[in-house]
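To keep things clear, I will list the structure first and then write my remarks on it.
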Amino acid sequence: MACLGLYCGKTLLFKNGSTEIYGECGVCPRGQRTNAQKYCQPCTESPELYDWLYLGFMAMLPLVLHWFFIEWYSGKKSSSALFQHITALFECTMAAIITLLVSDPVGVLYIHSCRVLMLSDWYTMLYNPSPDYVTTVHCTHEAVYPLYTIVFIYYAFCLVLMMLLRPLLVKKIACGLGKSDRFKSIYAALYFFPILTVLQAVGGGLLYYAFPYIILVLSLVTLAVYMSASEIENCYDLLVRKKRLIVLFSHWLLHAYGIISISRVDKLEQDLPLLALVPTPALFYLFTAKFTEPSRILSEGANGH
């Protein structure tokens, strides 16, 4: 009987030398996906560079949100922000390492995966066949193993480590904040982690293909907003505070990350020169900020120019 359905396959039950016995057509076990002949094959390949970049993007999301809310709630005079930033980085780094160690193969810092061939690989639950239009053959499995579930595991470890480490640190060093304010960055994480989980569950496949453009657009917008809110109009304004340089270099790293993700560095000699475009948005802003200053525009309008 033919194996119907895009993601249904036959699982290997017994192998003795050249003799192989396969079961009936159905769902493939975890860590396997169907091949062109409708047989379930183990995922033994290494992730491509683009797959690692996607996982890096999903790993950066909670870290960036941690840093944003820590900065938002710490206040300008609080000396605890730096320690909380370092703790958040430690939490996410340890969560990533532990996630890789518990993934297949266990105990090493790399993973086996299946190739992502098309968008539908992320949504196999939508492709369960009904041969007689009455009975549905359920073939839902992780065809992109482990790119889908490994993100949930990482978020779970991030949450556990945050709850173990951050409250003790904040209670000990956040003396400049009121009792109601010092834990607000932690409360914020309890909101954004469920949001990130739902985002991965529903839109993981869309994020996989769109994340390079999301990084570029958001990094450009946030850099422009930050420089405008900080009233940075020239290089001196940028160099007067170390924090502004840190923000600038962080955005440049995001620009480079987005460019590398889009190009995938397939042709190294052609793609690497694109990294020279990384400082362009900041330089363009600095060169044109004086022409868009509101006070200047209003004064020229009043003078009739």
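Every residue number used here counts from 1 along the chain in the order it is shown.
Any Cβ shown, glycine's included, is placed from N, Cα and C.
Per TrEMBL, transmembrane segment is recorded for 52-70 (among others).
The transmembrane segment feature in TrEMBL is assigned to 82-102 (among others).
What TrEMBL lists as transmembrane segment is 145-165 (among others).
Sequence annotations record features per position, and here TrEMBL assigns transmembrane segment to 186-207 (among others).
The annotation transmembrane segment is assigned in TrEMBL to 213-232 (among others).
Residues 53, 56-57, 212-213, 215-216, 218-220, 222-223, 226, 230, 232, 237-238, 271, 274-275, 277-279, 281-282 of the same chain, all 6+ positions outside the transmembrane segment (244-260), place their C-beta atoms under 8 angstroms from a C-beta of that stretch. Sequence annotations record features per position, and here TrEMBL assigns transmembrane segment to 244-260 (among others).
Taken from TrEMBL, the feature transmembrane segment applies to 272-289 (among others).
The transmembrane segment (145-165) makes no contact with the transmembrane segment (213-232), as judged by fewer than three Cβ pairs under 8 Å among residues 6 or more apart in sequence. The list of residues near the transmembrane segment (52-70) in space but at least 6 beyond its ends in sequence, with Cβ under 8 angstroms from a Cβ of it, reads 81, 84-85, 88-89, 91-92, 96, 147, 150-151, 154-155, 158, 162, 184-185, 188-189, 192-193, 196, 200, 207-208, 211-212, 215, 257, 260-261. Within its own chain, the transmembrane segment (186-207) has Cβ neighbours under 8 Å at 54, 57-58, 61-62, 65-66, 69, 73, 119-123, 144, 147-148, 151-152, 155, 158-159, 162-163, 166-167, 170, 214, counting only residues six or more beyond its boundaries. For the transmembrane segment (213-232), same-chain residues at least 6 beyond its ends with a Cβ under 8 Å from one of its own Cβ atoms are 57, 207, 238, 244, 247-248, 251, 254-255, 257-259, 261-262, 281-282, 285-286, 289.
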